[in-house]
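Enquirer: What TrEMBL records for this protein is below:
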- B:94-295: domain 'ABC transmembrane type-1' (DOMAIN)
- B:9-30: transmembrane segment (TRANSMEM)
- B:98-121: transmembrane segment (TRANSMEM)
- B:133-156: transmembrane segment (TRANSMEM)
- B:168-190: transmembrane segment (TRANSMEM)
- B:230-252: transmembrane segment (TRANSMEM)
- B:272-298: transmembrane segment (TRANSMEM)
Amino acid sequence: MEKILEVKDLEVSFQTYGGSVKAVRGVSFDLHKGETLAIVGESGSGKSVTSQTIMKLIPMPPGKITGGQILFNGDDIVPKTEKQMEKIRGKEISMIFQDPMTSLNPTMKIGTQIMEGLIKHQNMSKQAAKTRAVELLNLVGIPMPERRVNQYPHEFSGGMRQRAMIAIALAANPKLLIADEPTTALDVTIQAQILDLMKDLQSKMDTSIIFITHDLGVVANVADRVAVMYAGQIVEMGTVDEIFYDPRHPYTWGLLASMPSLDNDNKADLAAIPGTPPDLTNPPKGDAFAARNQYALAIDFEEEPPMYQISETHFAKTWLLHPDAPKVEPPEAVKKRMRQLSSTFDQAVLMKEGK
Amino acid sequence: MAKYIGKRLLYMLISLWLIITATFFFMRIAPGNPFTSEKQLPPEIEANLNAHYGLDKPWYAQYGDYLLKVVKWDFGPSFKYKSQTVNDLISEGFPVSFILGMEAILLAVAFGLILGIIAALKHNKWQDYTAMIIAVAGISVPSFIMATFLQYFLAIKMGIFPVARFETFMHTILPALALASTPMAFIARLTRSSMLEVMSNDYIKTAKAKGLSQGVITVKHAIRNALLPVVTYMGPLTAGILTGSFVIERIFGIPGLGAHFVTSITNRDYTVIMGVTVFYSIILLASILLVDIAYGIIDPRIKLAGGKKGE
Ligand SMILES: Nc1ncnc2c1ncn2[C@@H]1O[C@H](COP(=O)(O)OP(=O)(O)OP(=O)(O)O)[C@@H](O)[C@H]1O
Ligand code: SF4
Ligand SMILES: [Mg+2]
């Protein structure tokens, strides 16, 4: 499959009064055409910063890309100027934000907000853009689009605004869509509708999607692959099956154990991960998760673990995969669903630095 | 919309009636009368004068007379200048004050907005600091000091502008500047903070994610939203410029309504005080109505109550 995006060793930091916050610390992943990658992780783990950096939307300054590459269709985005980025944003890569209540301009008609991108990227006339805006509203399932184009955001419900946001994002047929928690602010039934809509549109337009969420339940429905982020790093990455049925990283275990499910509605079983993420101004020596990890080994406080490869598609960054590491049992809630996957290597393979 | 404006006009009439009534009774409570002076007038003459101006009638008759006249747009004669009516004074003085006021409002709004927007776009850079120093100076220096300052340097020392009077366009510049400095500084600060607030909003990020340039984002998305608090301030601004002009007109010897107003107070010229107060009130109420209508046009979320739902 064709690779549309390759992120290599990306590092982003923010200059603040308290020092420099290392929000993204060496993130690497890639994305194929038509594929959906979910990025999950706690609040503050760097999901939004990672994804916004792909469009260079983080405020610079205080933000700065301190290392790495972002290859979009083989072309590095990092050195590009604002003017060059304007041709990529909205046309090649689009973004949907978390809160549909605040991400639309309250004093501009919905139609105009959709038309802007069309006029900019597809050189459409006002009239043509308006016709297309009506089509797009129809496409995202907004009834009476001819009337709705002329309305303002406050006349839309939350779910409809998010549909309008999707229309804006898809207006210029982008090849990559980044959805940063697009359903978190919506209630459950609307969430499901929006997810269905996104999947439906993806299959029609063959868009690749990066889907950010901290709800693992959503992930199973939308994603092909999952990247688990912790403290600015990807600590485990694999296909949905690999992450759900054969997780290797204790942080992933923690996330899975704290996920509500039908057969697990007993509150006591929902173990939240204890403690808080580390301060990214001074990331700890060793593994960033060690202090919160009940399985932590002595080496975890000394040296950062390398990435191990468990299958063609499955990677985890934990010392537990070291051949000499003691065998540990994941928590009960996770163990219940563990199964042997056929693709798994016999032995975890240590990956060379900077693969 | 028409229904809304009709409703607002009705409220305006009620406020106006309250203002007229209040001024009428305050005037009566105030000690002394227009004929009080160092020299005691012979009682017969005073009685004559009172009769001539209707001051001998009981208060309710005077009040009724006055209301009736105001409705007919007749503010009566001036007590002090025998040959002039209050209507004469207003139609003479107001055009001058109006030109001065409009010029000042234009200056204040135009430069205030420009300074504020530049400061916000160049946040924490030298342009921002410069604009804010100008703003702080403008706010802390009262207009009458600004007026004397301008007169001294630009008119007397450098001779660029005439010192006083109100004859040509050049004459209008210094008083308008003096009058505009404080509100301009205010608008600059308001615009800056409002722009900064708006620029940090999610929808600005959405606009950027669409690939729009910084310029287009500023003009199409930021300014309109940032304008809302500024528009709200336009009501008090008009009031400020009107009242501010009393002093400025005195300093520059401008024969405007403000100057007449101040003189009429020292002269206890009842009819002039009342007439001008009523006239100012009408202008203020009208400008507040205009501001509200403008606000409704800029912000679609505001439904002008009583009007039809925006289609
Ligand atoms: N403009 C900024 N200035 C300073 N620090 C920032 C800035 N933006 C983000 N950060 C820091 O970067 C880190 C990662 O933030 P990010 O928003 O990516 O988290 P997230 O994973 O998206 O969390 P959430 O689930 O809450 O959205 C946080 O520690 C945050 O404080
Ligand atoms: S490397 Fe150590 S601290 Fe980090 S997740 Fe693995 S066992 Fe826990
Ligand atoms: Mg986020």
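Any Cβ shown, glycine's included, is placed from N, Cα and C.
Note that the structure is a prediction, hence the values are computed from the model and not measured.
Give me the local environment of each listed feature.
Expert: Remote same-chain residues near the transmembrane segment (B:9-30) are listed as 59, 63, 66-67, 70, 268, 270, 273-274, 277-278, 281-282, 285-286, 289 (criterion: CB distance under 8 Å, separation of at least six residues from the stretch ends).
Counting residues 6+ beyond its ends, the transmembrane segment (B:133-156) has Cβ neighbours under 8 Å at 115, 162-164, 174-175, 177-179, 181-182, 184-186, 188-189, 192, 244, 247-248, 251-252 in the same chain.
Sequence-distant contacts of the transmembrane segment (B:168-190) (same chain, six or more residues past either end, CB-CB distance under 8 Å): 99-101, 103-105, 107-109, 111-113, 115-116, 119, 131-132, 134-139, 141-144, 146-147, 150-151, 154-155, 161-162, 229-230, 233, 237, 240-241, 244-245, 248-249, 251-252, 254.
Same-chain residues lying 6+ beyond the ends of the transmembrane segment (B:230-252) with a Cβ under 8 Å from its Cβ atoms: 97, 100-101, 104-105, 108-109, 112-113, 143-144, 147-148, 151, 164-166, 174-175, 178-180, 182-183, 186-187, 190-191, 194, 258-259, 261-262, 280, 283-284, 287-288, 291, 294-295, 298.
Below 8 angstroms of C-beta separation, residues 5, 8-9, 12, 15-16, 19-20, 23-24, 27, 66, 70, 75-76, 78-80, 86-87, 89-90, 94, 224, 227-228, 231-232, 234-235, 238-239, 242, 257, 260-261, 264-265, 304 of the same chain, each at least six residues beyond the ends of the transmembrane segment (B:272-298), sit close to that stretch.
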